[in-house]
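Listed in Swiss-Prot:
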{"type": "ACT_SITE", "residues": "Glu137", "note": "active site, proton donor"}
{"type": "BINDING", "residues": "Cys23, Cys107, Cys205", "note": "[4Fe-4S] cluster binding site"}
{"type": "BINDING", "residues": "His52, His85, His135, Ser233, Ser234, Asn235, Ser278", "note": "dimethylallyl diphosphate binding site"}
{"type": "BINDING", "residues": "His52, His85, His135, Ser233, Ser234, Asn235, Ser278", "note": "isopentenyl diphosphate binding site"}
{"type": "BINDING", "residues": "His52, His85, His135, Thr175, Ser233, Ser234, Asn235, Ser278", "note": "(2E)-4-hydroxy-3-methylbut-2-enyl diphosphate binding site"}
Amino acid sequence: MHHTGLGSGVAKRVLLASPRGYCAGVDRAVIAVEKALERHGPPVYVRKQIVHNVHVVGSLEKRGAIFVDQVDQIPPGAVTIFSAHGVSPAVVHSANERGLQVIDATCPLVTKVHREVIRFSKAGYFILLIGHSGHEEVEGTSGHAPDRVLIVNSPDEADTIDVPHTDKLVWLSQTTLSVDETLETVKRLRLRFPHIQDPPSDDICYATQNRQAAVKKIAPLSDLVIVVGSANSSNSVRLVEVALENGAKAAVRLDYADELDPALLDKVDVVGVTSGASVPEILVRDLLEVLARAGYTKVESVQTAVEDLVFSLPKGLRESRK
């Protein structure tokens, strides 16, 4: 084991995971709010947080975006953006009843799962949706066939979940889960329901998979892994878990560099750094500066994939992407 501890004389260094940070769906959603503010002027209303990041939401609020929990808090007729996490048909119906001018910033990879729910439920399937109850994405997805969807929160739940009829059964998932934990959940579902069908393609999205793969690469080499991301960001929280499961001696999540407890760096030679899919790169740069001041001036990039996916903007904003 080439792990180096106290007094080894090995230079302190940072392993910077790549890919990290913004995914295509987040980029599109944030630009949608910015463009809507440019085009319509403030206020522009957003149902829920546009993406699960404290910094992004705060900076858009300063520019005139108003974040609300439900559409009934929005004045009739106002410009309204649905967040990247997607909405149920019931929310769309409420928005239409209020005459809201809707811009739908749902990530296309979430919409794909919505379409799977619609297709499988129409074909008479019962759907086991692997995901976290109460998460906005899961609420939106399950809302497309509420009486045909059961949510499976964990591998343990797969062992006990009560399924009404099992002749036509399929599993789907939230886009931001731990790949390994989801495989374990599916394995256990299959033990109980051998004929359960798989989704037509991966529901866990490319960005979630890529960020987890990059963390797996740096984790075994790191004394500490720092994940930049917010507490309500499912994919960021998963990165901490994945780091710990793959050999990181310690792992923490923080929103801002100044939240880093210097005591965490005690006896630490190698710091792994990554960020969740809704995190602007400036927050990672701030962290690297704080680490440099603490002696971690050497930064090595560890790249496991190249991402070049870009989504076109939501309807109503398309011709103006810059």
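Any Cβ shown, glycine's included, is placed from N, Cα and C.
This view paints the features noted in Swiss-Prot onto the structure.
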residue	record	DSSP class
Cys23	[4Fe-4S] cluster binding site	coil
His85	dimethylallyl diphosphate binding site	coil
Cys107	[4Fe-4S] cluster binding site	coil
His135	dimethylallyl diphosphate binding site	coil
Thr175	(2E)-4-hydroxy-3-methylbut-2-enyl diphosphate binding site	coil
Cys205	[4Fe-4S] cluster binding site	coil
Ser234	dimethylallyl diphosphate binding site	helix
Ser278	dimethylallyl diphosphate binding site	coil
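Sequence-ordered, the extra residues of this chain that approach the [4Fe-4S] cluster site, with Cβ no more than 8 Å from the Cβ center of Cys23, Cys107, Cys205, are Ala24, Gly25, Val26, Ala84, Pro108, Leu109, Val110, Thr175, Thr176, Tyr206, Ala207, Thr208, Ala277. Within 8 Å of the centroid defined by the CB atoms of His52, His85, His135, Ser233, Ser234, Asn235, Ser278, the record's isopentenyl diphosphate site, lie the Cβ atoms of Val51, Glu136, Glu137, Thr176, Ser230, Asn232, Ser236, Gly276, Ala277, excluding the listed residues themselves.
Taking the Cβ of Ser278 (dimethylallyl diphosphate binding site) as reference, residues of its chain lying under 8 Å away and at least six apart in sequence are, in sequence order, Tyr22, Cys23, Val26, Val51, His52, Asn53, Val56, Ala84, Gly229, Ser230, Ser233, Asn235, Ser236. Recorded residues Glu137 (active site, proton donor) and His85 (dimethylallyl diphosphate binding site) have their alpha carbons 5 Å apart, per Cα-Cα distance. It is 11 Å from the Cα atom of Thr175 ((2E)-4-hydroxy-3-methylbut-2-enyl diphosphate binding site) to that of His135 (dimethylallyl diphosphate binding site).
Here is what falls inside 10 Å of the CA of Cys107 ([4Fe-4S] cluster binding site) among the binding-site residues His85, His135, Ser234: His85. For His135 (dimethylallyl diphosphate binding site), the same-chain residues lying six or more positions away in sequence with a CB closer than 8 A to its CB are His85, Gln174, Ser234. According to DSSP, His52 (dimethylallyl diphosphate binding site) is assigned to coil rather than to any helix or strand. All protein chains considered, the CB of Ser234 (dimethylallyl diphosphate binding site) has 24 other CB atoms within 10 Å. Spatially close to Cys205 ([4Fe-4S] cluster binding site) yet at least six residues away along the chain are Cys23, Gly25, Cys107, Leu109, Thr175, Thr176, judged by Cβ distances under 8 angstroms. Its Cβ taken as reference, Ser233 (dimethylallyl diphosphate binding site) is surrounded by 25 other Cβ atoms within 10 Å in the chains shown.
Largest Cα-Cα distance over the residues recorded as binding (2E)-4-hydroxy-3-methylbut-2-enyl diphosphate, namely His52, His85, His135, Thr175, Ser233, Ser234, Asn235, Ser278, equals 15 Å.
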